[in-house]
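Just below is one structure, and these are the notes that go with it.
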Amino acid sequence: MAVVIRLLGLPFIAGPVDIRHFFTGLTIPDGGVHIIGGEIGEAFIIFATDEDARRAISRSGGFIKDSSVELFLSSKAEMQKTIEMKRTDRVGRGRPGSGTSGVDSLSNFIESVKEEASNSGYGSSINQDAGFHTNGTGHGNLRPRKTRPLKAENPYLFLRGLPYLVNEDDVRVFFSGLCVDGVIFLKHHDGRNNGDAIVKFASCVDASGGLKCHRSFMGSRFIEVMQGSEQQWIEFGGNAVKEGDVLRRSEEHSPPRGINDRHFRKRSHSKSPRRTRSRSPLGFYVHLKNLSLSIDERDLRNFFRGTDLTDEQIRFLYKDENRTRYAFVMFKTLKDYNTALSLHKTVLQYRPVHIDPISRKQMLKFIARYEKKRSGSLERDRPGHVSQKYSQEGNSGQKLCIYIRNFPFDVTKVEVQKFFADFLLAEDDIYLLYDDKGVGLGEALVKFKSEEQAMKAERLNRRRFLGTEVLLRLISEAQIQEFGVNFSVMSSEKMQARSQSRERGDHSHLFDSKDPPIYSVGAFENFRHQLEDLRQLDNFKHPQRDFRQPDRHPPEDFRHSSEDFRFPPEDFRHSPEDFRRPREEDFRRPSEEDFRRPWEEDFRRPPEDDFRHPREEDWRRPLEEDWRRPLEEDFRRSPTEDFRQLPEEDFRQPPEEDLRWLPEEDFRRPPEEDWRRPPEEDFRRPLQGEWRRPPEDDFRRPPEEDFRHSPEEDFRQSPQEHFRRPPQEHFRRPPPEHFRRPPPEHFRRPPPEHFRRPPPEHFRRPPPEHFRRPPPEHFRRPPQEHFRRPPQEHFRRSREEDFRHPPDEDFRGPPDEDFRHPPDEDFRSPQEEDFRCPSDEDFRQLPEEDLREAPEEDPRLPDNFRPPGEDFRSPPDDFRSHRPFVNFGRPEGGKFDFGKHNMGSFPEGRFMPDPKINCGSGRVTPIKIMNLPFKANVNEILDFFHGYRIIPDSVSIQYNEQGLPTGEAIVAMINYNEAMAAIKDLNDRPVGPRKVKLTLL
């Protein structure tokens, strides 16, 4: 379908070739360019398709011969009529509207254009509603008549289709030669021109001349000129005139066309001053919107700088005794009025001010509606008319509160305060909403000090916070009461008392109070704090360590020892096993208190009350001496004698005996065996050298005398059940004395001689000869077919970097190194007995005779040692490679150690097992996961292996040297069959947007 485009601004020197060149790439049929020319440089171009026309319109504003052109959608009828009008002008018909025939042709042209527009698919501005709008409201029926009048009925004309940037001077130029008395531009609700205007002429003769300018151009626009009315002029802010004024002006001779219309307008003003029918003062009114609540008349005068404005011309609008964001301003002159309208959407105190024209009638209605409510409220404010209901309504009318939604359900008041960081909010001004079960709804109510602050806070609507888009709504206190919350009723004294009791940690007040929690936390949050306080009391161990709130002191019974919960004080004073049990913890404290403090402190209270000091003296002195007698005699003396004599006789000598000699026999050797780690960190580090000196007799006797016989002889009151109850102390203290003393003699002396001398000779001689000469015949004997497969994987593994032990190194190197260290590590670190004793990897290199005889010949192997299974005795698997140890133990980080800090591949000295090695179905089998998303975490990997028996702590995500994820991870299955099943089922399954690859390590 052919589409016609109208072009304006074509230069005089341009031709059809230039137009076609401008529309390069678009299809213009032959004969599709029609140049009209003229002052506006008009042309019509026909395009073959709608798409070409759409793309052509997008080139509006381009340049043809250094001249900017504008493009508009047109029709064939408009093009034909324009061409006909151009031809008639060439014949000499003159300008349209200069005669009757011109008017007839113009009217016929309009009718034809209307018919063509109704038939074509493109709408025209003529067949649209001719009613014009201001502030979104239509007024009157202004459709053009089918038969245009030759003379104007009144001096008012209505213009449609004006450019949006037009001003009054442009209108006067458009009606050049006519006396224009005034122009009112109609605007949208946002203050922009809508393309319509009302023009008032000095007389009906001038208005009739203006009607002849219908469908003339103003810039690049067709302007429609229609008859207006005085009612429209007054309704949109114009001033009415007397009936005689128009007659008087019509009788006057119109000035020549060349006379300045402004001079004529001034002279006409002096002869016939304008007066309104209502005899109200003259003025132009504007409606100001979106004003800041803090501005005053002075700010508006500065805003409308350059205008003649006083405080009496400014009127702020009030509603319910509260000032709104609306105001009205009256200007005395049209110039000031136009200056004010040009400031539309100008920012005043951080708010864009909307300036709309308004008629006096509408302004009075506006003010009357508000003033009526205000006067009623003033009457109720008089004495005798004040009621409680009205006071509540007046307060609730102020929107001081904000209802917040879409917070996280566990939001706290501190987080709400962070959201409103620019406002000073107390916790009492925030109320969190919970459901009937005490679970947070993610909603809150916040009260501000003034309505202005609340309105500023409402600007944070849809601000993202804590991962969600927070929604805000300004509400009044009456609406807040619908939530069951009344901020005004909350007693500040009660909240202050609650806050003070909360700071003191008064638990009785927290649990006995029946009042609803109306302060910083909701009901459920308050209950959560109570539970935390209870947990802290139940888990109390020591006031300096585990009690988190230092201002809450436990009773005196809790301060003596960390084990007061388990044993009564009587058991502590009489049981020697109790002395032995806290020796690891309390042995350090008495030593620091006794040897670093002044010695007088020990005699200020009787030894029965302080049960720590008698223990130390019980350790220092032999059992034959009764150490309580001198103390009882000392306490009977006066304090002065006690202080003067005791330090010289009793205190300076016993410490020399007890601390310098007896501790060497009693304290220091048993802790060397039982508590190997604490003495290194504890006191007396310079004396650590004495631990190794004591003779073996003292090493064995003190434990038998002090630890084993004393409970039976002197301390028979303590029950034996207390020692068996706590498993930690049962295994930490008694078992080390029973098990650790014999093993040093048993393992430190015989094993080095037994394992370092005979086993190396036994293992060094046979294996080199056995592996260098007979291994091929010895291991190729059983299945020949099974041996032919491994060489392929054997060579594959040698190409990989992670296999650090090729067969050449395994069989040609001396195997002594493999058997030197495991025996030492076996007895020095008992945690690795199952792996590093002569175990799987070591026995693979031995002949079958050695594998079967070694466990029988060595009775001192650990109890949990088991000979290797049949899988490792099979010759093909043993011949393939030396399988180093892969530590699947739990390191400090809680993850399995698959490499150095879980970064990259396995370290040197280890290798990743071959998936096809017959390593047994009962062994832990690692799987490597590749092509993982970089953001995948451990939980997603565990979910991926849901249903398979995976070791949870074995998941290890691999990282590169920069600490970034490589998209690979390693997991461990409990056996080989489970790993193969997972690889078979889960390979190429998606984890997020990626399909992962699974391989055995």
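Any Cβ shown, glycine's included, is placed from N, Cα and C.
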Quickly, which of Lys151, Lys212, Lys916 does Swiss-Prot have down as SUMO2 cross-link? Just give the residue.
Lys151
Write down the residue from Ser718, Ser874 that Swiss-Prot flags as phosphoserine.
Ser718
Among Lys114, Lys361, Lys447, Lys995, residue that the record in Swiss-Prot marks as SUMO2 cross-link:
Lys114
Please report the number of other Cβ atoms within 10 Å of the Cβ of Ser292 (phosphoserine).
14
Nearest to Lys335 (SUMO2 cross-link) by Cα distance: which of the recorded positions Lys151, Ser292, Lys319 is it?
Ser292
Enumerate same-chain residues with a sequence separation of six or more from Lys151 (SUMO2 cross-link) and a Cβ-Cβ distance below 8 A; give 'none' if the list is empty.
Cys204, Ser208
Number of other Cβ atoms within 10 Å of the Cβ of Lys335 (SUMO2 cross-link) across all protein chains:
14
Provide, as an integer number of angstrom, the distance between the C-alpha atoms of Lys319 (N6-acetyllysine) and Ser292 (phosphoserine).
15
Within 10 Å of the Cβ of Lys319 (N6-acetyllysine), how many other Cβ atoms are there?
15
Three-state secondary structure, Lys319 (N6-acetyllysine) (per DSSP):
strand
Averaged over the whole of the domain 'RRM 4' (925-1001), what is the pLDDT?
91
